[in-house]
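Enquirer: The structure's right below; bear with me while I get my questions together.
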Amino acid sequence: MSIDIIISRLKKRYHPGKFGSKDPFRALIATVLSQRTRDEVTDRASEKLFAKYGTPAALEHADVGDIEELIREVGFYRIKAPRIKEIARIINNDFKGKVPSDMETLLSLPGVGRKTANCTLVYGFGKDAVAVDTHVHRISNRLGLVKTKTPEETELKLRETLPRKHWKHINELLVRFGQDLCRPVGPKCDECPIIEMCPGREGR
Ligand code: SF4
């Protein structure tokens, strides 16, 4: 089955990390910070934030201006600062300081959409979930795994067609592949390890 070959070749190239190894609270907040922001910027801002406010209790009581200062490199930091403070408050007060581990409850948190909830389930809890961002959406369509218009549709389609054993790997593998070779513009098809399986390759 070609999807098994695709996943195995991408794993060989990118050596994905261990899932569920991140603190669920940090996985959740870092994913909120990552919205419309490059990974390296998200990593820097998350590190600064968690060095000072690493738990829901600490973040709930933080000053919004101070949070803004710590995360000011990320996109929409003025919107995200009060939002993550509010998420911390809800987790602390309604869930005894523990991040909920089910999709429906995660989606009830402010600013948490399906991508953020799925990333939290994968990276924070090690659960089988399909986290679809722009890379996963674009590449799944290029490879012909799905034929969809939105990341939400892609998630639903992949949940139907992708073997469950691959669910939690698809995000990390396709994000790294999308940054490295299968870029939005000018993909490096001549270096691609799965070129023969790609109907969307350039220079056909
Ligand atoms: Fe992406 Fe090109 Fe590889 Fe297709 S052949 S998956 S477009 S890099």
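Just so it is clear, glycine is given a Cβ too, placed from its N, Cα and C backbone atoms.
Okay, so TrEMBL annotates it like this:
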BINDING   C182, C189, C192, C198  [4Fe-4S] cluster binding site
DOMAIN    33-180  domain 'HhH-GPD'
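Quick one: where do these features end up spatially?
Expert: If you take the C-beta of C182 ([4Fe-4S] cluster binding site) and look for same-chain residues 6 or more apart in sequence within under 8 angstroms, you find H135, R138, I139, R142, L174, K188, C192. Secondary structure at C182 ([4Fe-4S] cluster binding site), as computed by DSSP, is coil.
Confidence across the domain 'HhH-GPD' (33-180), taken as the mean pLDDT and rounded to a whole number, stands at 97.
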Enquirer: Hey, does DSSP put C189 ([4Fe-4S] cluster binding site) in a helix, a strand, or just coil?
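Expert: Reduced to three states, the DSSP call for C189 ([4Fe-4S] cluster binding site) is helix.
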Enquirer: Using Cβ-Cβ distances, find the residues under 8 Å from C198 ([4Fe-4S] cluster binding site) that belong to the same chain and are at least 6 apart in sequence, listing them in sequence order.
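Expert: Looking at Cβ-Cβ distances below 8 Å from C198 ([4Fe-4S] cluster binding site), excluding near sequence neighbours, one finds R142, L143, G144, C189, C192.
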Enquirer: Using a 10 Å radius around each Cβ and counting other Cβ atoms from all shown chains, which of the binding-site residues C189, C192 yields the largest count?
Expert: C192
Enquirer: Going by DSSP, is C198 ([4Fe-4S] cluster binding site) part of a helix, a strand, or coil?
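Expert: Reduced to three states, the DSSP call for C198 ([4Fe-4S] cluster binding site) is coil.
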Enquirer: Other than C182, C189, C192, C198, which residues of the chain come within 8 Å of the [4Fe-4S] cluster site, judged by Cβ distance to the Cβ centroid of those residues?
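Expert: Neighbours found: R142, L181, P187, K188, I194, I195, G200, R201, E202.
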